[in-house]
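Down below is the structure, laid out as structure tokens.
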Amino acid sequence: MKDNKIIIFDTTLRDGEQALGSSLGINQKLQIALALENLGVDVIEAGFPVSSQGDFKAVQKIASKVKNSTICALSRALDKDIDMAYEALKVAKHFRIHTFIATSTLHMQDKLKKDFDEILSMAKRAIIRARSYTDDVEFSCEDAGRTPIDNLCFMVENAIKAGAKTINIPDTVGYTLPSEFANIIKILFNKVPNIDKAIISVHCHNDLGMATGNSLSAILQGARQIECTINGLGERAGNCALEEVVMAIKTRKDYLKGFYTDIKCENIFKTSKLVSAITNESIPSHKAIVGSNAFSHSSGIHQDGVLKNRQTYEIISPSAIGIHENRMLMTARSGRAMIKTCLENLGYDENTYNLDDVYERFLRLADKKGQVYDYDLEALMFLSYESEEENEFVLEKLSVISGNIPTACVCMRIKEELKTEACTGNGPVEAVFNCIARITNLKPALKAYSINAKSSGVDAQGQVDVDLEFKGRKFHGKGLSTDVIEASAQAFVSAYNAIYRSLKVEERKMA
């Protein structure tokens, strides 16, 4: 194929949604679809209309709103499925019907109870029916990775003859390795006489962690469409991750010569975060490209290298996917160069402090606290702050009443004085936040709030992380407890103490 554009077919709303504990609402699906359109996705598989009335309506609404991406709906090789897909899609500016049937011996015999000739006949009939509605028909050979190669070649040849313009080769259970999968695509191009009449697509699952590798190996052998999902969302171990294949193609142009996509890479990160928020599926911190640690550096050796030249330890610029903040973490593994750079960024001349002394105290704080923030470093310099035990605000007691009007009562120690306040809120967490704000007489804005389980069982501990914004600066707080409300209160108090120390630093600077 002369054109080396790789078509990006996103199935977050269909295959990705199957991984969720509950279905997404119509407006949630539309929000994701519009984000995918803005990202530059070529084909959006919006759902499986015959599966439920809700899915039908979601596909129909997406089809009516999205204008720049082709909207696709899935159907089995059955007339009612294909007809329903068309009814949902017909309002779209551009639409595709995607029909499929299993072709592996295992699936044909044990699941469908049919022989290969029957499956072949069903496939051709389905494609012809779909073609009566649109020229844009995709056919998938389900479990192609475990289908005998001669059967697969014959099926693909006949599917193209029947009118399919895109032939999808799925590794449905993530069984193949990149060299195997590449060989399947290579054989298809060598043995199927009419293969130039269709676009070959691949749909790889990640059961053995090979989804991205398999997809990339396939395009080297002639495939020109990759089916994928945002954040690799999907059944079992997930699907090929859109962000991974797109950035691999963009980053490794030396190896993947001439290949490109129309994805607006600068929108990748915000799309990833949006999908994570809507689906309530957190992104693992170590997830390639979009994980919180993907561009973070805590090792002193790595930090020193990045400070001298980012390419020493970063093969992708964070800004390429829309991240514009520095993720150099200050921990006990950080070196003097990192601390010096942080102080320079805060406006301190190296002649105004003793780096060895500051670094020694920094290490003591980092050993106790874990991650150290820039405001902690300032407090360490001006206030000799080296321990969380030196906090101005201490949480003493907490009680919460849930119901129609959630109410919290918080008692805090400020120096030697105990102060108690009771407040209401939209929920118990907000009520606690309001109490702490009133007691401290500080009014920061809550910018981020997250809960993560740190253990399992009925006595599981939850960690709450919060980001508060005060006078244009963000402050982080962390709390850990078997009670999520108590953990929230601890996190708020931790952040409030950081704010208080920053105010004391400003006083010292002015003195």
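Backbone N, Cα and C define each Cβ position, glycine as well.
Computed from a predicted structure; not experimentally measured.
Swiss-Prot names D15, H203, H205 as Mn(2+) ligands; from the candidate set N158, N231, N239, the record adds N239 to that same site. Taken together, the residues in the domain 'Pyruvate carboxyltransferase' (6-269) have a mean pLDDT of 97 on the 0 to 100 scale. Under a cutoff of 8 A between CB atoms, and with a sequence separation of 6+ in the same chain, the neighbours of H203 (Mn(2+) binding site) are T11, D15, S140, N168, I169, P170, D171, T172, E227, N239, C240.
Under the DSSP three-state reduction, D15 (Mn(2+) binding site) is assigned to helix. Cβ neighbour count for N239 (Mn(2+) binding site) (all protein chains, 10 Å cutoff from its Cβ): 30. Each residue in the region 'Regulatory domain' (394-511) gets a DSSP state, and the totals come to 40 helix, 51 strand, 27 coil.
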